[in-house]
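Asker: Sharing a structure, written as structure tokens. Questions coming.
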Amino acid sequence: MGRLDGKVIVLSAAAQGIGKASAIAFAKEGAQVTATDINGEKLKELDGIPGIKTKVVDVTKKDQVDALAKDFDHVDVLFNIAGFVHHGSILDCEESDWDFTMNVNVRSMYLMIKAFLPKMLARKSGNIINMASVASSIKGVVNRCVYSTSKAAVIGLTKSVAADFLEQGIRCNCICPGTVDTPSLRERIQARPDPEQAFKDFMARQRTGRLCTAEEVAHLCVYLASDESTFVTGTEVIIDGGWRL
């Protein structure tokens with residue numbers, strides 16, 4: 001018996017990093033997983049894994065999100081992960097940077113929740129997990145202005161949905177990681193003028209002396225997706241190795 005036997009789970013940004021690790025972990029625990037991403041080539045790496053179906057979806061496009069939702073009679077767990085990290089202070093953030101980041105990090109979750117929530121309400125049962133960050137309303141982080149703002153908005157969205165639909169059988173929580181060793185992080189490091197120094201800077205703020213792994217976050221995701229966490233809602237679940245302390 002798996003911890004997620006029979007649960008229907010839809011997640012975004014599943015082609016790599018936390019999304020990919022979570023999709024695999026969900027399937028291993030018996031869930032029926034639909035893994036979506038905008039990157040069709042990377043998403044193919046999940047093809048053939050028992051319990052996982054893949055679908056290319058741009059979660060910033062309402063028509064694509066609505067079409068995805070129509071494919072399901074019901075969904076037990078919706079996991080919103082899609083996000084973008086902008087580097088810089090408010091002075092480095094152009095209006096286009098602001099709009100792009102808020103569109104990917106916040107509006108996509110709004111679209112996904114709005115599309116799938118009615119199906120959950122019809123069954124008086126549903127579980128929504130949103131990816132936020134310690135870099136948010138939890139902790140001020142240098143050169144993460146619009147990113148932190150967007151993730152603070154995700155925390156607010158999470159609490160609002162949890163409060164509005166608590167009595168109707170809906171749970172909504174968000175995960176707030178610190179620095180996670182993912183392909184996205186490695187790409188951002190390599191894009192910096194001095195990648196070696198950038199990596200040292202990331203490591204210097206890790207009080208545990210190492211980065212979090214995507215698999216460690218996925219273990220937490222399994223717990224939040226399972227019935228083991230039925231009394232948990234409206235919560236920012238932090239997994240940061242003590243970075244915020």
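The backbone N, Cα and C atoms fix where each Cβ goes, and this holds for glycine too.
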Asker: Considering the NAD(+) binding residues GLN16, GLY17, ILE18, ASP37, LYS151, VAL180, ASP181, THR182, PRO183, SER184 given in Swiss-Prot, which of ASP58, ASP63, ASP66 is annotated for that site as well?
Answerer: ASP58
Asker: Taking Cα atoms as reference points, which of the binding-site residues GLN16, THR182, ARG188, ARG205 is nearest to TYR147 (active site, proton acceptor)?
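Answerer: Nearest candidate: ARG188.
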Asker: Using the residues the record lists for substrate (ARG144, ARG188, ARG205), what whole-number Å value is the largest Cα to Cα distance?
Answerer: 17
Asker: Measuring Cα to Cα, tell me the gap between SER184 (NAD(+) binding site) and ARG205 (substrate binding site) in whole angstrom.
Answerer: 18
Asker: When you look at GLN16, GLY17, ILE18, ASP37, ASP58, LYS151, VAL180, ASP181, THR182, PRO183, SER184, which the record names as binding NAD(+), what is the longest CA to CA distance in angstrom?
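Answerer: For the residues that bind NAD(+), the greatest Cα distance is 24 Å.
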